[in-house]
Number of protein chains: 2
Amino acid sequence: MKELEARIQSEGHVLGEDILKVDSFLNHQIDPNLMQAMGNEFARLFESQGVTKIITVEASGIAPAVMAGLALDVPVVFARKSKSRILSDEAFTADVYSYTKQTTNQIRIEKRFLSASDRVLIIDDFLANGQALLGLKALADEAGASIVGAGIVIEKAFQPGRKAANEAGLNNIQSLARIAAFEDGQVIFVDEEK
Amino acid sequence: MKELEARIQSEGHVLGEDILKVDSFLNHQIDPNLMQAMGNEFARLFESQGVTKIITVEASGIAPAVMAGLALDVPVVFARKSKSRILSDEAFTADVYSYTKQTTNQIRIEKRFLSASDRVLIIDDFLANGQALLGLKALADEAGASIVGAGIVIEKAFQPGRKAANEAGLNNIQSLARIAAFEDGQVIFVDEEK
């Protein structure tokens, strides 16, 4: 998505080897118009899939997921994250390890909001190591729901997240921006590769 | 807002004396169409105020804030919440006590996303004791920004949040649903009072 790539180029900050900060429009400050354009693009990419529900994880996934839900006219459920493991008969839960923060969080969705008849689209802001995506997939699997695919805002294609998701059986992954590498603090997109 | 009141009546669950669960459309599962209608209503209520920025706090404030931002065509900043106090020259911070969870969180907004020239609209999902609202006001005050008012999805008018905000100088508070009381597990709205 050219508009998103342009914003990453103009406003993103590359930190170290593998961190991209895009907190001026995606995960601290949010540009609502860009979010809506991204939501519309996710809807276009998955419109033939019979999506009945979108799931994401708080907090940065919420804005793009809600805009996709608006465009597809389906409810959105955001998984709650907590540092403590809470056992409950009423929730699906999964553990998600964050490589950035080096902590494990539990994510949870109340059982009454996901069912075996759902056709689930997973939305998230980043795909890097794939831990959040695999956690969300686990919640949908626990519910017996069908997963139609995943829509990602920014994929760091040089990290193993897509491969891990594919190996877990999640194949239809659509990323609005795919980053091949960071070179000298610059972002190189996959479709710019020679 | 009649549509919101109807959803609270049909889907809300009153727990104990003062808890209202609305997690089927507001703070776990989200109805994107209702969010957009609420965002449009916030925009109508504050359209003459020259708003330049909306601030809210993760996670449940994000969806209504982004829809209000879309309707008003202004950026949205969501404050990050953390249990640990992080000192930083780069962020405005405030402490927020949660009566529900009986914990204090720090909320923070990076300084580069709020300035003295901003005219800030605060959006949040609930107004009860007013702690989150006062915390968000403190962040805007630290930036020297002007606060045009606050847009609240659901106000528990029998709790002291509005009074506390008024006493702190925040007067233009617009709530889409104002709850006068919970009686026998039923929700009584302010405008239904005799």
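Cβ from N, Cα, C; glycine included.
A TrEMBL annotation is a machine prediction, not a hand-curated record.
Here's what TrEMBL has on this protein:
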BINDING   B:L20, B:N27, B:K156  xanthine binding site
DOMAIN    B:35-170  domain 'Phosphoribosyltransferase'
BINDING   B:A128, B:N129, B:G130, B:Q131, B:A132  5-phospho-alpha-D-ribose 1-diphosphate binding site
### Task
For the recorded 5-phospho-alpha-D-ribose 1-diphosphate site, whose residues are B:A128, B:N129, B:G130, B:Q131, B:A132, find every other residue on that chain with a C-beta no more than 8 angstroms from the centre of their C-beta atoms, and list them by sequence position.
B:V96, B:Y99, B:F126, B:L127, B:L133, B:L134, B:Q159, B:G161, B:A164
### Query
Setting B:L20, B:N27, B:K156 aside, what same-chain residues sit with their Cβ within 8 Å of the center of the Cβ atoms that define the xanthine site, listed in sequence order?
B:G12, B:I19, B:K21, B:V22, B:L26, B:D125, B:F126, B:A128, B:I154, B:I179
### Query
Looking at the binding-site residues B:A128, B:N129, B:G130, B:Q131, whose Cα is closest in space to that of B:K156 (xanthine binding site)?
B:A128
#### Entry: For the domain 'Phosphoribosyltransferase' (B:35-170), residues assigned helix / strand / coil by DSSP
48 helix, 48 strand, 40 coil
### Message
As a test of the contact definition, list every same-chain residue at least 6 positions from B:A132 (5-phospho-alpha-D-ribose 1-diphosphate binding site) whose Cβ is closer than 8 Å to its Cβ.
### Response
B:V57, B:V96, B:I107, B:D124, B:F126
### Query
When you measure from the Cβ of B:L20 (xanthine binding site), which residues in the chain that are at least 6 apart have a Cβ under 8 Å away?
B:I8, B:G12, B:H13, B:V14, B:I154, B:K156, B:I179, B:F182, B:V187
### Task
Provide the number of Cβ atoms within 10 Å of the Cβ of B:A128 (5-phospho-alpha-D-ribose 1-diphosphate binding site), excluding the reference atom itself.
24
### Task
Please report how many Å separate the Cα atom of B:A128 (5-phospho-alpha-D-ribose 1-diphosphate binding site) from that of B:N27 (xanthine binding site), as a whole number.
15
